[in-house]
Amino acid sequence: MLIFSGETRYKPLISIFFFLIYLVGVLVNSSIITVIYLEVQLHKPMYLFICNLSIVDIFCTSVTVPKLLHMLLSGDHIVSFSQCYTQMYFFMSMGSAEGILLFIMAYDRYVAICIPLHYHQIMNQRNCTLITFGIWAAAFLNSSLLVISTLNMSTCHSNIIHQFSCDAKSLTRTTCTTTPMFSEIAAIEILFFAFIPLMCTFISYVNIFSVILKMKSKESRKKAFSTCSSHVTVITIYYGTSIIGYLIPPYSDVLDSVFNIVYGTIIPMINPIIYSLQNANVQSALLGFLKGMY
């Protein structure tokens, strides 16, 4: 990997920057998971999915940042094939899980606001457990198929990756040709883990906002908007960065690296901050948790 390989003078500052991002991300996400686990009032479907999102964010940064820090501090930018494919496997798994999670969270808000009388029936403990299991199973299965398809591609152009981590887009640049299996799986992945969840999320919020705008009470509208605002913000950042990242031309290594860094390190750090700042229940629970520690 060649990213930051020539920035000898700035490596200490770059290392500190990524270490702080990683530290803040892990600490804040871990705090949210701990608070949701300990606070009985947060044992609801919405917070179960927030907890899973924090788990995704911790794994997402843990897969990439420690290896990047090792390369920066040691000067060794060589990554073995086994390390590269393992990193890509878990990174793709977390990306797939996050895409489905964001849609499920939108659906949870849709049921709560649009059909509240059926909320406890639809989002009961059994269904939420099955949904959570299905999210993780689908994410790991999808990533397995994608990694297996990349193993069949032969490297002929170069074995150098201009990124801070191994990803499918970078690996395909080093191959002679992409296999039909890889192209098919990549197309299915984009359809089922990006396009369909995004469209379903959009439809959910169209229905949600139409119901909210019809509410007569200003206080009810404000409360309904507040429960959705943090999720809408996270979705906008997640899909906005993802779409821009994939639209970047293949020769723009610098821009590609910037958006990969934002997607893989910055977003997992700011996701829990957005939820803790905009969700009153999470915020009060976190404050109570911090007060209890001191």
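Each residue, glycine too, has its Cβ placed from N, Cα and C.
As given in TrEMBL:
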DOMAIN    28-275  domain 'G-protein coupled receptors family 1 profile'
TRANSMEM  12-38  transmembrane segment
TRANSMEM  47-69  transmembrane segment
TRANSMEM  89-107  transmembrane segment
TRANSMEM  128-148  transmembrane segment
TRANSMEM  190-213  transmembrane segment
TRANSMEM  225-248  transmembrane segment
TRANSMEM  260-277  transmembrane segment
To the transmembrane segment (47-69), which of 12-38, 89-107, 128-148, 190-213, 260-277 is linked by the most Cβ pairs under 8 Å?
12-38
Using a cut-off of under 8 Å between C-beta atoms, tell me which stretch among 89-107, 128-148, 260-277 contacts the transmembrane segment (12-38) the most.
260-277
For the transmembrane segment (190-213), distant same-chain residues with Cβ under 8 A (at least six beyond the ends):
95-96, 99-100, 102-103, 106-107, 109-110, 113-114, 142, 221, 224-225, 228, 232, 235, 239, 242
Looking only at residues six or more beyond either end of the transmembrane segment (89-107), which have a C-beta under 8 A from one in the stretch?
46, 49-50, 52-53, 56, 59-60, 63-64, 131, 135-136, 138-140, 142-144, 146-147, 165-168, 189, 193-194, 197-198, 200-201, 204-205, 231, 234-235, 238, 264
So what's near the transmembrane segment (128-148) in sequence-distant terms, Cβ-Cβ under 8 Å and 6+ beyond its ends?
45, 48-49, 52, 85, 88-90, 92-94, 96-97, 100-101, 104, 168, 182, 185-186, 189, 192-193
